[in-house]
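Asks: One structure, as structure tokens, below. Some questions next.
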Amino acid sequence: MSNVTHQPKIGFVSLGCPKNLVDSERILTELRTEGYDVVPRYDDADMVIVNTCGFIDSAVQESLEAIGEALNENGKVIVTGCLGAKEDQIREVHPKVLEITGPHSYEQVLQHVHHYVPKPKHNPFLSLVPEQGVKLTPRHYAYLKISEGCNHRCTFCIIPSMRGDLVSRPIGDVLSEAKRLVDAGVKEILVISQDTSAYGVDVKHRTGFHNGEPVKTSMASLCEQLSKLGVWTRLHYVYPYPHVDDVIPLMAEGKILPYLDIPLQHASPRILKLMKRPGSVDRQLARIKQWRDICPELTLRSTFIVGFPGETEEDFQMLLDFLKEARLDRVGCFKYSPVEGAGANELPDQVPEEVKEERWNRFMQLQQQISAERLQEKVGREILVIVDEVDEEGAIGRSMADAPEIDGAVYLNGETNVKPGDIVRVKVENADEYDLWGSRV
């Protein structure tokens, strides 16, 4: 009679941003390596881990609801992630949670799991883990986290209080991980962090090593090295430092994708000062023009906040004027929402909700028109598209201008002779304010 040992099962809920997703992947990789099974149902699991988000109040609410659901359905719950930094807030609502840890507390999470659900006898056949680790994204793209934390103290944000100051990963480790991802079939690497352009600042851009070669710990050096892997490299969360200018030529040369996700947040110098953000709109417009002169194919994505405390109609009009002038390709807009612990909560002249709503609508109406015009310029042109999914009706993919989850899509109706991860040439036939339609060339 065979000696079959029980393989302990862990349920896992991952909430929030791609940076949190990477943390979840790391925890899951460790659990699978140790022989735990990861299951999709609460009632099958010996325990549930909830990786939370605590960035804005709606995210806090979603996290608390997910914890409650896991407690109701399973009963044994460990909480980690950003909201875990506010243990009292979680305990007040859910006193029966077993353990709570903050973000990137991987070792603590594993220790707690070992305590409540002891490690299984290691069976290498049950716990085979791919070299690139457990990934929660489709096989053809992956997030590459290059640092943790942030040195900025924007008044609307509490990330530094949750994730701490900037800590850059050694550049050799980052490049080795990127190589493993590419060897595993990844076709697109999405570089993420709290502040990608600050990479290496905390270590004074010291020289690291990869494959025995010296490499400077900086965003530009990282991009130069990633370009050698022969896959799409996309930059996210790029704070508008002057040295961002250094990566634009790499985009123009086709070494990394001509795509910049650069959160500008506002255009009124007064509001930017209240936010503790850099505040020269004229300089930013001049830089955008310069970037486009160097790299005409550049796609610019940004995010903005309307209804920030103290925002007047004049401030808001400056923001609309900036949009008209900058003609950004992809834009997200948030109505200011107070976050517990954020400095902006103490500012006078809070904007009424109905005014926030009205300004958000005006903002989106203008930007949708600009985005539609920018996409219309692509009709008739040929572009490269990476395929994300295929069904009997055709394929859906993304151009170099589209990041997963947050940007638009390219629809290839009737094109079934492709598979996810394929990069194909497409002639654009139609466009709206978000998406493109086309046929394979």
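Every residue number used here counts from 1 along the chain in the order it is shown.
Just so you know, glycine gets a Cβ as well, placed from its N, Cα and C.
Note that this is a predicted model, so its numbers are computed, not measured.
From Swiss-Prot, for reference:
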type	residues	note
DOMAIN	8-118	domain 'MTTase N-terminal'
BINDING	Cys17, Cys53, Cys82	[4Fe-4S] cluster 1 binding site
DOMAIN	136-373	domain 'Radical SAM core'
BINDING	Cys150, Cys154, Cys157	[4Fe-4S] cluster 2 binding site
DOMAIN	376-441	domain 'TRAM'
Asks: Where does Cys82 ([4Fe-4S] cluster 1 binding site) sit in DSSP terms: helix, strand, or coil?
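Replies: The residue in question, Cys82 ([4Fe-4S] cluster 1 binding site), is helix (DSSP, three-state).
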Asks: So of Cys17, Cys150, Cys157, which of the binding-site residues has the fewest other Cβ atoms within 10 Å around its own Cβ?
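Replies: Candidates: the binding-site residues Cys17, Cys150, Cys157. Fewest Cβ atoms within 10 Å: Cys17.
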Asks: Counting other Cβ atoms within 10 Å of each residue's Cβ, which of the binding-site residues Cys82, Cys154 comes out lowest?
Replies: Cys154
Asks: Near Cys53 ([4Fe-4S] cluster 1 binding site), which residues of its own chain have a C-beta under 8 A away, given they sit six or more steps off in sequence?
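Replies: For Cys53 ([4Fe-4S] cluster 1 binding site), the qualifying residues are Leu15, Gly16, Cys17, Asn20, Ala59, Val60, Glu62, Ser63, Gly81, Cys82, Leu83.
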Asks: Give me the sequence-ordered set of same-chain residues, not including Cys150, Cys154, Cys157, with a C-beta within 8 angstroms of the centroid of the [4Fe-4S] cluster 2 site's C-beta atoms.
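Replies: What remains near the Cβ centre is His152, Arg153, Phe156, Ile158, Ile159, Pro160, Gln194.
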Asks: With an 8 Å cut-off on Cβ distance to the Cys17, Cys53, Cys82 Cβ center, who else from the chain surrounds the [4Fe-4S] cluster 1 site?
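Replies: Here the nearby residues are Leu15, Gly16, Lys19, Asn20, Thr52, Gly54, Phe55, Ala59, Gly81, Leu83, Pro103.
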Asks: Could you put numbers on the helix, strand and coil content of the domain 'MTTase N-terminal' (8-118), residue by residue per DSSP?
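Replies: DSSP composition of the domain 'MTTase N-terminal' (8-118): 58 helix, 22 strand, 31 coil.
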